[in-house]
Amino acid sequence: MDGLNGSVVSEFVLLGLSGSLETKVILMITFSLLYLGIILGNLFIVFLVIADSHLHSPMYFLLANLSFNDVVLSSTTVPRMITDLLTEHKVISFQSCMTQTCFIHTMGGVEMVLLIAMAFDRYVAICKPLHYLTIMKPRTCVLLIVISWVTGVIHAMTQFSFVINLPFCGPNKIDSFCCDFPRIIQLACSDAANFEFVVTANSGVMTIGTFFLLLLSYVFILVTVWKRSSGDLSKALGTLSAHITVVVLFFTPCIFIYMWPFPTSSVDKYMFIVDFAITPALNPVIYTLRNKDIKIAMQRLNKKFHYDRFC
């Protein structure tokens, strides 16, 4: 069976993570626990935002969408990474590889726009508090979510439309635990210089541009607060610290991977682990530990659970 574009290659071999059997077992247990934390932690935030009326605000609406996105993003790669650790022949079909890559870039694009939306929400809340409910009305929040998904799909399909037409007739080994456009393009039988530029211009520029836009927005918020009252600066910094931490954790691996999108080493696959397994597992912890409203909502939920249990 040939690939979607008539290529000779019908499947790719994922080299994954190497090591002894004992090392692989330890990694499998570690990644399984991380994935369990991702599912339980992020879905708990989604449930909490839906169940607690006190969290029915733009900030937590966006946070719930970010948590849901983290679950989907991790689910495109981590389960297969876990099962492949104990599999000798790690094969993925041409169609499955392209599908996985499109999902990764779609959800990655969605996450970037969601982080921008959350930064905008914090800017309005801190710098324009009297107009917050007028600007961040439900219609605006839904529009931001729609824009994030549209952006993610366009981001993925733009690259997919180029890559799917490349001929694959020889090498089929990918030195990673998942498929990604830069790795796939390296295996093409034709001169892929133009396609390399498309990936760099798309993923690289989008990643670095979004990262610096977010950092500048947070600096602008802090400077604005500092000019108004230096005493409120620590409060604003406390509010933004969770957002800044998540932004740095998410974008650092992305910048490393996509600003040099055609790697000569296997370091980038370890960067993927940070984005797909570690950051999504840490996000619920970061937002829970640094957020007073979330803590109070958890206490209310706990009291309600005990009340319903004994009544």
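Just so you know, glycine gets a Cβ as well, placed from its N, Cα and C.
Database features, via TrEMBL:
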DOMAIN    41-287  domain 'G-protein coupled receptors family 1 profile'
TRANSMEM  25-51  transmembrane segment
TRANSMEM  58-78  transmembrane segment
TRANSMEM  98-120  transmembrane segment
TRANSMEM  141-164  transmembrane segment
TRANSMEM  204-225  transmembrane segment
TRANSMEM  237-258  transmembrane segment
TRANSMEM  270-289  transmembrane segment
When counting Cβ pairs under 8 Å to the transmembrane segment (204-225), the leader among 25-51, 58-78, 98-120: 98-120
Contact between the transmembrane segment (270-289) and the transmembrane segment (58-78) (at least 3 Cβ pairs under 8 Å, separation 6+): yes
Recorded stretch, among 58-78, 141-164, 237-258, maximising Cβ pairs under 8 Å relative to the transmembrane segment (98-120): 141-164
Rounded mean pLDDT for the residues that make up the domain 'G-protein coupled receptors family 1 profile' (41-287): 86
